[in-house]
Amino acid sequence: MGQREMWRLMSRFNAFKRTNTILHHLRMSKHTDAAEEVLLEKKGCTGVITLNRPKFLNALTLNMIRQIYPQLKKWEQDPETFLIIIKGAGGKAFCAGGDIRVISEAEKAKQKIAPVFFREEYMLNNAVGSCQKPYVALIHGITMGGGVGLSVHGQFRVATEKCLFAMPETAIGLFPDVGGGYFLPRLQGKLGYFLALTGFRLKGRDVYRAGIATHFVDSEKLAMLEEDLLALKSPSKENIASVLENYHTESKIDRDKSFILEEHMDKINSCFSANTVEEIIENLQQDGSSFALEQLKVINKMSPTSLKITLRQLMEGSSKTLQEVLTMEYRLSQACMRGHDFHEGVRAVLIDKDQSPKWKPADLKEVTEEDLNNHFKSLGSSDLKF
């Protein structure tokens, strides 16, 4: 066998090995380790969901989605279930997002996982948003991307001082999905637009002050709060709200500190009220304050395509229902999978970690209206339907 043939054989073998590794991660396994990625327990009249991948900051997998969705639906219909609690194991994270590295690697290996993953993830986001039973998300630790989708659409979101919120998708060539187009434009003023385009991180009580959490509890009291919720007998929504309100009122950490963005809200509202990303950049340049220039520096590092998609996503989402937004975001997700920037962003941030993505196109002015329209185009029979 010649050297060239040997090289071809080795290349094929390596590709085969990569594909098998990816499939191993994504397969709907019956094995214990896959089942234990999420714990589903009935405690009295409460259904408890525990995201259980602490080594991976409870990043969301297709297997987890496929366990949570049917159980959530069952509990919603069960007359003996009065409350649903969702939390993360390990203390560091509620959920750091979807396992996007695996999705990107699968796409590169021609394993079409993304259409299934995003479809089922968004179906779950909608199920959380439409859940008829009180739904309490204990967002302690890192809560980003897919973790936001599992919490923000529910009735109650309880943050602690360890909560770290962000929608950092424009830095990896994506957009703030999982219903970001619904909840972000509904935050005060233009705060949601600012968070979406810059990926700015909010911590602790600021997650509550921004309107993302409904309550704040000191982390040392979180276990007690959960115990008190579990002790409720056939509680009404009002009973649950009362317990949460009591803990919120008693919380002490950062109680007297003002919202971290309070002094900048006027700038945020004026700079981010523009209808194009180019105008937002111009507004920040003209403002010239250290805060504005800092945000300008951040925005200039993001994927130009992602920035334009995101602004339009939020503008359109401001007048849509959650289901309409998720249908739109599914179209965007599939367009991003077909494109360059998502895979390049994952490479630069999560794989090689050189933090130097080479975006294509690299300049905002090269992202045309036609490019944008193609991202938002209907997928016909492949559209997400509820």
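Backbone N, Cα and C define each Cβ position, glycine as well.
According to Swiss-Prot, the protein has these features:
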- 1-32: transit peptide (TRANSIT)
- Lys55: N6-acetyllysine (MOD_RES)
- Lys55: N6-succinyllysine (MOD_RES)
- Lys92: N6-acetyllysine (MOD_RES)
- Lys92: N6-succinyllysine (MOD_RES)
- Glu121, Gly146, Glu169, Asp177: substrate binding site (BINDING)
- Lys221: N6-succinyllysine (MOD_RES)
- Lys221: N6-acetyllysine (MOD_RES)
- Ser234: phosphoserine (MOD_RES)
- Lys297: N6-acetyllysine (MOD_RES)
- Lys297: N6-succinyllysine (MOD_RES)
- Lys353: N6-succinyllysine (MOD_RES)
- Ser356: phosphoserine (MOD_RES)
- Lys360: N6-acetyllysine (MOD_RES)
Not counting Glu121, Gly146, Glu169, Asp177, residues with a CB within 8 A of the CB centroid of the substrate site are Gly97, Gly98, Ile100, Phe118, Gly145, Gly149, Leu174, Pro176, Val178, Gly180, Ser333
Counting across all protein chains, other CB atoms within 10 angstroms of the CB of Ser356 (phosphoserine) number 11
Among Glu169, Ser234, Lys360, these being the recorded positions, pick the one whose CA is nearest to that of Lys55 (N6-acetyllysine). Glu169
Quick one: largest C-alpha distance among Glu121, Gly146, Glu169, Asp177, binding substrate per the record, in angstrom? 16
If you count other C-beta atoms within 10 angstroms, which of the modified residues Lys55, Lys221, Lys353 is the most crowded? Lys221
Let me know how many other Cβ atoms fall within 10 Å of the Cβ of Asp177 (substrate binding site). 28
Counting across all protein chains shown, how many other Cβ atoms sit within 10 Å of the Cβ of Lys297 (N6-acetyllysine)? 11
Cα-Cα, whole number of Å: Glu169 (substrate binding site) versus Ser356 (phosphoserine)? 15
